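Novice: Pasting a structure below so you can have a look.
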Amino acid sequence: MFSYRHAFHAGNHADVLKHTVLIATVQYLTQKEAALTVLDTHGGAGLYRLDGDYASKSGEAEEGVLRLAAAKEAELAPVLQDYLQMVRRFNQGNAIRNYPGSPFITQALLRGHDRLKAFELHPTDMRSLTGNMAQLEVRRQVAILHEDGFEGVKKFLPPPSRRALLLCDPSYELKTDYGRVLDMAADGLKRFPTGTYAVWYPIIPRPEAHDLPKRLKTMATKAGKSWLHATLTVKSNKTSERGGLPASGMFLINPPFNLKDQLKPAMPQLVKLLGQDSNAGFTLESGG
Ligand code: SAM
């Protein structure tokens, strides 16, 4: 059984990047009237306590969402303001104690006729996600599936309304996850070439992690699709005192056309606010 628990990492710098991109993408895709289906291949527990045992132990949110929340909100790029406002929806008053995961963020942005299918394989997180979501009474809109997300998405592609976002956010605990992401993206593009595919990945000294965005770029280019690649580094992977992830990236195929422009002012602000040493930086590239 997997030992990865997202509760340790909720609200860290990687979540800030991933969820900022997720919010901007869902906001864009819900502008057209036609129904949107969001497929979340790795849902997690859905809601996290930042003052609970897991998060307090790791302290990762303090170096992520909580640093951002301490900044002057009005001076932040609009996508970062949207991100903070989303997190605040799950909190009362000024203090941020709760953190929403991707299924909750997505659900909060969907309209009545949009749909969310979230997959989660770990029994404990599955129970948490189901229990947390049950409180919202959104049974018609949200399906939570205790299945392998890489395989499970296939039956939903293409979606009836021909509009979908697939978020793929594995823990990469298994080395095979990197290859499975690529297979899933290739298969998804065959089944549903116009879908938006968003992949999160860790930037760590491992050949598979290094190759993943390159292979996604080649795949998108060969298929004649547009792509966007954003990375955020907060510290060197060598001098990390407390361990923890130094950097991560989001790779999108068929991204919203305005996403790059929205991220342009946000990325340097993230570097300034979340950077932990002189290695902090970002990249933002697109093509197709
Ligand atoms: N997407 C979530 C968010 O942004 O809030 C966080 C997801 S977390 C990084 C990865 C989750 O995937 C873990 O909860 C893990 O139990 C689950 N998981 C691992 N392998 C899986 C698989 N093959 N299919 C579905 N879920 C899986």
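Just so it is clear, glycine is given a Cβ too, placed from its N, Cα and C backbone atoms.
So TrEMBL says this about it:
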SITE      TYR4  site 'Interaction with substrate rRNA'
BINDING   HIS19, HIS42, SER102, GLU120, ASP148, GLY149, ASP169  S-adenosyl-L-methionine binding site
ACT_SITE  ASP169  active site, proton acceptor
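Have a look at these and tell me how they're positioned relative to everything else.
Specialist: All protein chains included, TYR4 (site 'Interaction with substrate rRNA') registers 16 other Cβ atoms within 10 Å of its own Cβ.
Cβ neighbour count for ASP169 (S-adenosyl-L-methionine binding site) (all protein chains, 10 Å cutoff from its Cβ): 25.
In the three-state DSSP scheme, ASP169 (S-adenosyl-L-methionine binding site) falls into the coil class.
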Novice: Would you count the other CB atoms within 10 A of the CB of SER102 (S-adenosyl-L-methionine binding site), including those on all shown protein chains?
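Specialist: For SER102 (S-adenosyl-L-methionine binding site), the 10 Å Cβ neighbour count is 27.
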Novice: Cα distance, TYR4 (site 'Interaction with substrate rRNA') to HIS19 (S-adenosyl-L-methionine binding site), nearest Å?
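Specialist: Spelling it out, the Cα of HIS19 (S-adenosyl-L-methionine binding site) and the Cα of TYR4 (site 'Interaction with substrate rRNA') are 19 Å apart.
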Novice: Fill in the CA-CA distance, TYR4 (site 'Interaction with substrate rRNA') to HIS42 (S-adenosyl-L-methionine binding site), as an integer in Å.
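Specialist: So the Cα of HIS42 (S-adenosyl-L-methionine binding site) lies 12 Å away from that of TYR4 (site 'Interaction with substrate rRNA').
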